[in-house]
Ligand SMILES: Nc1nc(=O)c2c([nH]1)NC[C@@H]1CN(c3ccc(C(=O)N[C@@H](CCC(=O)O)C(=O)O)cc3)C=[N+]21
């Protein structure tokens with residue numbers, strides 16, 4: 001069996017196209033340009049690449065990017081002051097503070113200081129609680145992208161056995177909540193799970209969000225399963241160059257799974273598209289406009 005490769009790049013481009021259409025309408029009808037502030041503290045090269053990619057997608061969708069680069073020595077008080085200013089700025093509809101933050105800054109305090117209506121990462125405790133309660137909210141971008149990719153090959157996930165590997169606040173827990181909202185039967189596995197391969201073999205949908213290169217092997221996968229690979233791991237490649245691999249051994253998975261996301265070109269591009277979607281949703285809600293169904 002050879003799996004369908006789920007083309008995240010193309011699916012993300014389609015979503016960004018729909019977003020751009022609504023952004024144009026929002027501007028023409030209401031004079032609103034959705035604005036997203038991306039805050040980067042320090043000069044982590046991987047984060048800078050990510051911030052650049054985001055900025056390009058934002059501009060292409062007709063939105064405004066407000067990039068704030070702060071030195072690695074920034075204090076918590078200085079960052080809190082910036083967030084207060086962005087909360088108060090009516091041209092800013094979304095605020096994303098790039099994680100991780102340097103050790104002198106408590107990321108929980110920072111996230112809690114963001115206006116929940118502008119929290120396009122969906123990390124504020126109020127939005128986390130709303131998601132867990134099944135209320136409308138800004139849901140985290142990577143988990144949203146994972147569920148959209150799964151539904152691209154299987155429009156109804158109802159009744160399916162889903163296994164999420166990883167229990168982070170950023171991916172594992174929220175993706176489990178979203179899968180539950182789709183009526184999947186959800187198991188959250190993690191580093192202390194007994195016989196992880198056997199747990200994974202039960203999954204009709206397997207979401208790998210571990211952060212370990214190619215940990216999920218072909219024989220962990222139920223034949224025909226949908227495999228969503230959230231991992232982005234930089235590993236040594238050919239001729240001293242580095243390459244990016246996921247948390248799933250892709251070539252092995254493609255022999256067993258029904259469908260699998262590649263890395264790169266899977267979940268990553270969807271994360272960015274969902275960030276634009278959340279920014280558009282936030283801009284509409286902050287202006288008292290009805291919710292969209294994209
Ligand atoms: N508050 C916050 N929110 C985030 O969403 C967040 C964060 N902090 N910190 C860093 C991680 C990382 N992240 C990525 C998203 C997309 C790609 C992406 O689009 N990758 C492409 C290209 C990879 C490449 O070739 O460099 C792909 O997978 O195809 C990568 C990384 C979001 N993060």
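Including glycine, each Cβ sits where the backbone N, Cα and C put it.
Given the structure is predicted, the values throughout are model-derived calculations rather than measurements.
Sequence-distant contacts of residue 232 (NADP(+) binding site), defined by Cβ-Cβ distance under 8 angstroms and a gap of at least six in the same chain, are 244, 246, 263, 264, 268. According to TrEMBL, the NADP(+) binding site annotation covers 166, 167, 168, 232.
The domain 'Tetrahydrofolate dehydrogenase/cyclohydrolase catalytic' annotation in TrEMBL covers 6-121. Broken down with DSSP, the domain 'Tetrahydrofolate dehydrogenase/cyclohydrolase catalytic' (6-121) shows 62 helix, 18 strand, 36 coil.
The domain 'Tetrahydrofolate dehydrogenase/cyclohydrolase NAD(P)-binding' annotation in TrEMBL covers 140-284. With DSSP classes pooled into helix, strand and coil, the tally for the domain 'Tetrahydrofolate dehydrogenase/cyclohydrolase NAD(P)-binding' (140-284) is 59 helix, 30 strand, 56 coil.
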- Task: For residue 168 (NADP(+) binding site), just count the other CB atoms lying within 10 A of its CB, please.
- Result: 15
- Message: What whole-number value in Å do you get for the largest C-alpha pair distance within 166, 167, 168, 232, the residues recorded as binding NADP(+)?
- Response: 16
- Query: Just checking, which of 166, 167 (binding-site residues) has the fewest C-beta atoms within 10 Å of its C-beta?
  - Reply: 167
